[in-house]
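J.: These came from Swiss-Prot, pasted as-is:
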type	residues	note
BINDING	200-207, 246-250, 300-303	GTP binding site
DOMAIN	191-365	domain 'tr-type G'
REGION	58-85	region 'Disordered'
REGION	200-207	region 'G1'
REGION	225-229	region 'G2'
REGION	246-249	region 'G3'
REGION	300-303	region 'G4'
Amino acid sequence: MSKTRIYEVAKELGMNSKELMEFLEKELNISVKSHMSTIEEETVQVIMDLIEEERQTKKEVKKQKEPSKEKGKSSEQVKVKEKSKEEPVEEKFLREVTITSHDLSLDILAKQIGLEQNDIIKDMFMKGVVLRPGQKLDITMAENIAMNYNVILNFEIEKKETEEGKEQDIEAILAKKWNDIYEKEKDKLAPRPPVVTIMGHVDHGKTTLLDKIRNTHVADKEEGGITQSIGAYQIEYNGQKITFIDTPGHEAFTEMRARGAQVTDIVVLIIAADDGVMPQTIEAYNHAKSANVPIIVAINKIDKPNANVELTKQQMVSKLNLIPEDWGGDTITVLVSAKTGEGIDELLEMILLVSEMQEIRCIPDGKARAVIIESRVDKAMGPLGTVIVKDGILKVGDDFISGSTYGRVRRLINDKGESLIKAVPSTPVQVLGFNDVPNTHSILYVIDSKEEARTLAEKVKEKEEEKSKGPAKRHVKLEDIMQKMEEEEKKKLNILLKASTYGEIEALRNAIQKFENPEIDIEIIHAGIGPVSTSDIMLASASDAIVLGFRVKADSKALKMAEAEGIEVRRYNIIFDLIDDIKKALEGMLEPIQKEELTGNGVIKEEFKIKGVGKIAGVQVNEGYVQRDGGVRIYRNGGLIADVKIKSLKHYKDEVKSIEAPKECGIQFENFEDFTKGDELEFYKHVFVKRELGLEQKTK
């Protein structure tokens with residue numbers, strides 16, 4: 001008989017799994033473990049009939065509650081009786097409640113009208129409406145729910161939004177202000193230097209190429225041969241400036257790369273002539289493509305003996321759909337050698353040419369707007385933010401806001417370590433003067449005064465805190481009420497993450513999220529910058545988490561506490577090692593896969609009937625072996641007649657675990673005796689294989 005999963009039945013009934021499970025236990029005394037449990041088709045039909053009957057009964061009861069005339073009683077007596085029996089009808093629309101927010105959820109509505117959220121859920125369920133704790137409500141739904149409790153909702157939202165909306169959406173207003181300036185003063189816009197990002201596969205020569213342009217040597221000093229954080233540099237070529245953003249090379253740093261592309265005007269996609277188009281090449285191309293950024297391809301390592309430029313171009317066409325100009329396409333392709341410097345000048349010329357074609361413009365003066373591409377805390381200088389100025393002039397002494405942080409520019413430092421008085425558009429500078437570490441990817445806006453900046457930043461922070469608190473509270477309710485059974489089934493890995501910069505945090509978070517799996521919940525309970533501290537260990541202990549540090553130290557007190565508490569602390573300098581360890585940990589948590597393995601074959605030579613035991617097959621093992629806890633497929637004239645388990649395996653009179661070819665044995669099959677001499681046997685066993693998890697396994 002066929003079976004159906006709980007969640008499928010719930011979906012058909014317009015319920016959620018938790019509600020159906022409660023109904024089964026209460027009404028039918030059927031206990032199921034989870035939403036993935038199965039029930040017989042017969043039971044499904046019974047459930048559907050019961051719920052439909054219950055819903056129908058509720059409708060009839062509602063109809064019967066209509067006021068009716070009663071004979072032999074005075075009108076006054078009738079009214080008194082009706083009032084006592086049908087009080088909700090008599091008091092309908094007697095109470096009004098004012099709502100002042102669009103952000104209305106079921107728990108908030110329940111509080112506003114003076115009821116328990118669970119009572120509303122039960123009442124509405126009996127009316128055929130399924131609600132969930134903390135569920136978001138639109139105006140119509142909220143009004144319908146309230147009407148069931150004789151409540152009218154008065155929505156006074158427009159006025160509130162007019163008065164408070166501006167304060168709540170500070171960043172949107174600042175962004176709109178700049179967009180309006182662009183629209184109104186197009187004739188005043190001026191050219192600015194292009195911001196270029198070099199992208200590509202790991203070890204294809206990005207850092208070496210950038211170093212050749214800047215005449216520096218960074219790559220040899222870096223651990224693991226890859227860039228460890230985002231940097232921005234500016235060079236001058238033929239009297240024109242070009243700003244470069246150097247992004248990490250490993251594919252795990254997709255978030256860093258995406259952030260780099262967002263502030264980028266031009267992407268240089270680097271491909272090694274001796275390696276061709278690789279996975280990270282495709283990934284980098286997709287980021288540039290989604291950002292709608294023009295792409296210049298630099299085919300690097302042309303100095304190597306095994307360089308194959310033509311094959312690389314073929315792969316550009318087949319894997320990226322980029323057709324080089326010399327092949328009749330429109331993709332500018334430059335042959336370079338980051339090692340010898342060949343082709344570098346041509347690459348810079350092409351960058352300036354594309355920049356001219358793109359007509360990259362900015363507001364050349366006035367208050368500045370800049371993009372934060374990196375942030376960190378320096379022991380001596382405090383919170384720092386690396387920015388690229390997009391518009392206006394950023395000056396020492398300027399007051400600014402950046403998300404929920406604010407400050408006054410105390411110092412500007414360029415990529416050469418020089419202090420500047422001001423920074424013009426496309427200039428990368430490090431800004432000192434933040435009150436706290438700013439979020440990477442946020443926008444810095446210069447404001448009239450520090451007081452105004454502080455006020456605006458505090459309002460942004462309040463809004464962020466409200467957002468973080470709201471969903472968190474509802475999440476706890478959902479877990480407590482609806483998802484407990486899922487948590488009992490799923491395994492969970494809690495991680496506390498520490499790194500040296502926010503850029504690394506974002507990139508590592510992105511890499512870890514790629515390992516999400518239906519069987520395992522991965523939760524980063526905390527992510528911060530700086531050394532691993534005692535407070536981190538305390539949090540990890542309370543949350544049963546592992547502590548992962550990337551390019552950070554750990555306090556000696558923290559390490560002692562971790563040892564005492566039994567908390568695992570691992571620190572890494574190379575991203576590959578960290579990701580590999582997480583992958584191994586998750587693979588160890590996955591249930592192994594059961595696979596079938598053929599062990600041998602044989603033929604039935606004789607049949608024996610033993611009183612009180614049953615029919616036994618006398619078997620000749622031809623190849624391999626047969627084992628007692630294995631299975632057997634029985635074939636007759638080439639066709640499969642049975643697939644059975646082995647009940648007993650004997651060699652002469654002895655019960656044995658296995659028999660190898662070319663020995664003979666006696667086999668009793670489990671619940672099967674319809675065999676005969678000449679039947680062919682195929683022996684197999686089930687083995688458990690450890691599962692592997694790849695970066696590509698993304699389920700959400």
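Indices start at 1 and increase along the chain as displayed.
Yeah, the Cβs are placed from backbone N, Cα and C, and that goes for glycine too.
I would like each feature placed in context: is it buried or exposed, what are its neighbours, and how far apart are things?
T.: Taking the Cβ of Gly200 (GTP binding site) as centre and 10 Å as the limit, one finds 29 other Cβ atoms among all the protein chains shown.
Note on the region 'G1' (200-207): its mean pLDDT in the predicted model is 83.
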J.: In the three-state scheme derived from DSSP, which category covers Lys206 (GTP binding site)?
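T.: Looking at the DSSP assignment, Lys206 (GTP binding site) belongs to a helix.
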J.: Here are some binding-site residues: Asp203, Lys206, Ile302. Which one has the most Cβ atoms within 10 Å of its Cβ?
T.: Lys206
J.: DSSP secondary structure for Ile302 (GTP binding site), reduced to helix/strand/coil, please.
T.: coil
